Every structure is written in C-alpha cells, then in structure tokens.
C-alpha cells in the first residue's frame, strides 16, 4: 500500500466514524430524513413547486429535478423523481394514533433506520418512502446543473459539458425512452454561444424566458428563449458579458431589479451587471471579494441589495451592493471550499451553504452579533443555526423547498413546516431530503427586519 492509499484509508475511517456519530444523534436533530442512493450521482437538485396529497394518505408527494453523471460509462439522463413526505411527525402530536393506522402510513419517531435510510416514522410502513424516478429524458453527457423556468416548470434548462444550454419541454418527452430504439438526446431548444462548459446558470424570476449561463471561457451569456421558433431551435445569446479574466463560476439574478445580476469567478471578483448598459465589458460595480477563487453567488430573494459569495478560502461573505467596498460579514465555519449557496424562500434572514468538508451549514443573519456562552461559542458563531452532517462525500447541490409547499389542500400540518425542508445531493450517489428539528429554529429568536440588516 502506497502513502496515498494509506491516507485515503485513514480518511475513510474518519468519515465513517463521523457518520456513525451523526446517525446516532439524528433522532434528536431532525424531524425527517430520507436518504436514497441513486444508480449514478447527480450534480444538481431542485424541488418542483407542486405537491399532491393522495386522498386518505398521511403523506404528500413532491417532485425533485435531478440529472446523472456517468462519466461516459452509460447513457446520461435528465431525471424527475417523486418523494413522499410525512404530513406530520408522529410522537409530536397527541392525536397521532399509530394503532388506528390500518394502511401503514403512520409516521412515528424512531431511531434513524440505516437500511431504509429514513427518520420520521417510515419504519412501520411496509412500503418505505424511496426517491423514485418517474421520468427520464436522454441527455448528452452529464448535467452540470438543471433548473426549471419559474414561470413554467415544465420547461427545464440543463448546463452541459459542451458549453451549450439545452431546453427541454418535459411534456413532449415520454416517461421512459422507447424500448428497443437508439437513445438520442433531443432538446427542444439549444442555447449556443459559449465555447466551454460551466456550472453557473440562472433563470430570471422576473423576465419570462430570460436565462444566464456562466462558462469556463470567461463569459456570461444572456438568452431569451421567447425568440425560439421551430425553424430556429438554436439560439444565439442576446448579450455576452466579458468582464472576468478567468473562469466564471456562478451567476445570480437580482430578485427585485429585473435588469440586475451578479457574476463571480476564479479571478476572485464579484461583479454586478445591468443588462441595460451598452458596455458589456465593464460591470456597474466590481470588487475583489475573496483571497481565493469564488465558486458561488446568490442574491437574497427578498432584498435588492444583499448578496452572498462562497469561496475556495472556506468562507461565505455578505455584501450590500450599495457599498461593495465594505464586507458586511464573513461566515466562517466550513473546513473546505464553499461549493454552493441557497437562500430560504420562506425566511428572509436564512440561507444555506454547502462545503467540500461534507457539511451543509444553515445560517441566520438575524443572529449575527448575539452574545454567546463559552459552551455555545465552541459549537460555532451565533449566526450558525444548524449543521447537516449526513453526507459522507462532497455535496454537489442544495435546494430549499419552495414557498407554499404544504399539503396541497390549503392546510398546514401540525408539527411540520415544509418551508424548513431541504434537499441535497452528493458525489457518492446519495440524495437526502431532510428537515431540521423544530426545536432548532422555533426557540427564542429575535425578529429583525431586513432594513435593519442592511
């Protein structure tokens, strides 16, 4: 055994020991955990905005958007999956009576079931809740990122390894490719104009059909799919932004100002752009935001000026675009580069960061500066609300459940808030759907208006 193999063995043992500790403590930290191992890893994950509660059932069916990464070993696919979420956590509601649950849908709080990969009571159900793929659309090579258009979730964009962005109308594709026929990738639209692959991609939440793509060719492109026609399925960009001097890692639209977006890159720069400006080589604002490469960026959906950046320097930085010369705050807890960021759509001061340290940290801006006891300080800064440690490999993507993700019948289940649910995927094929325990976020918490944070 060479030195590298020996180091890997030690690292694997440490990871396994950490996982055992996490699994033992999971019942005290979470209300629900659903773990599923896919045949191939997905680099991307997103909740669809719809949910359905079958009549007479104690669960709600949600949909997840995923991809595959087979490294050329097999056909890659754009995938849509279903997952059952319990409508309440048993043991937390005195009206919950498992003995009367004839169809086995009861959700009792038990220890984390490693074989089933579940916490939240599925152990009594003979048909455990697995993440089940219900539609597969053939794709050329792996999918770096997949996102549906906010104004029409049936239209799905994928960031490819070729530089193109593919647009699929999922309603025009069967649930499974036809048996016995050659599997061919047939996107409904192809967005061209970038020479190398990328990971950053973002649909405009305000302008229907407008989408940004970041690339290793140092550009950001803006397309408008409204220009599509059957005679013109290949679209050139509306605009090409050339401000970065290295790989562009990520892009993010401003959720309030429809013409404003941000980009970050390996040149350590955060750039703010206005699509109305004629000069596509100079951003309206820019700042060296970190000492190392910037991998992720996210505008707050509820503030037109607050934005966070994640870097290879292991930190997340908070900025106010009204004065980029001053960093508002540095979030320091990750022991590896920060790979992705996601703001909660339901709680304006909450966001999550995923790191190469296999951790997903949930942060609360409203807790910045709170006094701590020495014991609490050992666990992290006051703004660190929760640490998800259930992955044994690097997380590839994270996603919050959308606003209003409830039972689908106008009711909100007791003891369970869908707005605290997250989905995460990792390089070891594992997808997890989880909700931190209510005691974590429902304790004494001061309410801070976004204006005060700014």
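Note that Cβ sites are derived from N, Cα and C of the backbone, with glycine treated the same way.
Your range for region 'Disordered', going by TrEMBL and the list 87-128, 129-170, 171-212, is 87-128. Sorting each residue of the repeat 'WD' (287-323) by its DSSP state yields 0 helix, 20 strand, 17 coil. The DSSP breakdown of the repeat 'WD' (331-365) into helical (H, G, I), extended (E, B) and coil residues amounts to 1 helix, 19 strand, 15 coil.
Mean pLDDT for the domain 'Histone-binding protein RBBP4-like N-terminal' (17-87) in the predicted structure: 94.
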